[in-house]
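Participant: Have a look at this one before I ask anything.
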Amino acid sequence: MGCNSSSEAKQSDKIDRTLYDEKKSQEREIKLLLLGSGDSGKSTIAKQMRYIHTKGFSNEEIATFVEIMHSNVLSSIQILIRNVPVEQLGSDLKDKANYYSSINPYELPLTPDIGLEIDRLWKNEAIQKLFSTNRAELNLPEVTAYCLDQVERISSETYTPTQEDVLRCRQRTTGMKETQFNVEDIKFRLIDVGGQKNERRKWMHYFEDVKSIIFCVALGDYDMNLVEDETINRMEDSLKLWNDIVNNPFFKNTSFVLFLNKNDIFREKIKKIPLVDYFPDYQGGYNYEKGIEYIRNKFFSSVPTATTIVAHVTTATDTENITIVFDAVRRNIIQSILKLHY
């Protein structure tokens, strides 16, 4: 009987030690939720974390981006040729335009010969004019010019995606993708979930144990509408989504980080497209700094008084920028956790 008691005691001690170790491990783990509307740059931030804080992507993973970049090329040129009168392209391109207008961009292999044909279409004067004047109305992917300018390289038989290709390529996030990495003995779990409206109902499944929410908004989206609902302005959608999240009682003890993203696009766009046309109460004209301040204040105005929040102006495709910003974010998150929980 004494032996049984001794055995049970050892087993109990082992269980207690396991539970203690698990608790200590959880204390050194920070779960971050990456939220925002579709095309806000969330997934690019997640990919940057892979490059900055891990060994990046394996050769097998890099290979999967070939097909994604190919589909980016084909879907981009397809949107353009579907929206330009065929007669403006000239008789030598008419048949090619009709063909690429009808294909499935996710199924057609991008061969070198097809790449040359797409390059000719892209450089056509009518296509270039349409791109420069109507890209917002057409909801063109931001990767359009990047991939079409380099279609010869991307369609090469020996093409291997570069780090910039991986960061810039457009792939819609569905469901959940988790990126894990360690910084100074702290394990971070970054949860990226789809931002389109039909994906948002799934978000609540990932709310448990979230220490901080990183919310991405695309600054340059103020003149664009949602792909999934062309009656809704993208910036207005982001503001509503932010309001719903930041005022959710579930997150009363959660810190928030606001990424005012795609700063590079906004810097150029505000010089040409008046912000006041979409937000009548804006009074800063074409001034970049005043535009940033206005949008930041729009988001901050709905934040509860007790909520811990910091904002950063970011360009998700700029690795140096994201490295510096995330280092500051990491420190702020840890300080917020200590303040809220200890």
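In case you wondered, yes, glycine gets a Cβ from its N, Cα and C as well.
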Participant: With the ranges 84-92, 165-173, 246-254 to choose from, which does Swiss-Prot describe as region 'G2 motif'?
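Facilitator: It is 165-173 that Swiss-Prot annotates as region 'G2 motif'.
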Participant: Tell me which of 65-72, 121-128, 137-144, 257-264 corresponds to the region 'G4 motif' entry in Swiss-Prot.
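Facilitator: Range annotated as region 'G4 motif' by Swiss-Prot: 257-264.
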Participant: Under Swiss-Prot, the annotation region 'G1 motif' belongs to which of these stretches: 17-30, 31-44, 227-240?
Facilitator: 31-44
Participant: For Leu167 (GTP binding site), just count the other CB atoms lying within 10 A of its CB, please.
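Facilitator: For Leu167 (GTP binding site), the 10 Å Cβ neighbour count is 22.
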Participant: DSSP says what for the region 'G2 motif' (165-173): how many helix, strand, coil residues?
Facilitator: 4 helix, 0 strand, 5 coil
Participant: Taking just the CA atoms, what is the gap between Asn261 (GTP binding site) and Ser43 (Mg(2+) binding site) in Å?
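Facilitator: Pair distance, Cα basis, whole Å: 12 Å.
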Participant: Given the binding-site residues Ser43, Gln171, Asn261, and counting only Cβ atoms in the protein chains shown, which has the most within 10 Å of its Cβ?
Facilitator: Asn261
Participant: So of Gly36, Ser40, Val193, Ala316, which of the binding-site residues has the fewest other Cβ atoms within 10 Å around its own Cβ?
Facilitator: Val193
Participant: How many whole Å apart are the CA atoms of Gly36 (GTP binding site) and Ser43 (Mg(2+) binding site)?
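Facilitator: Spelling it out, the Cα of Gly36 (GTP binding site) and the Cα of Ser43 (Mg(2+) binding site) are 10 Å apart.
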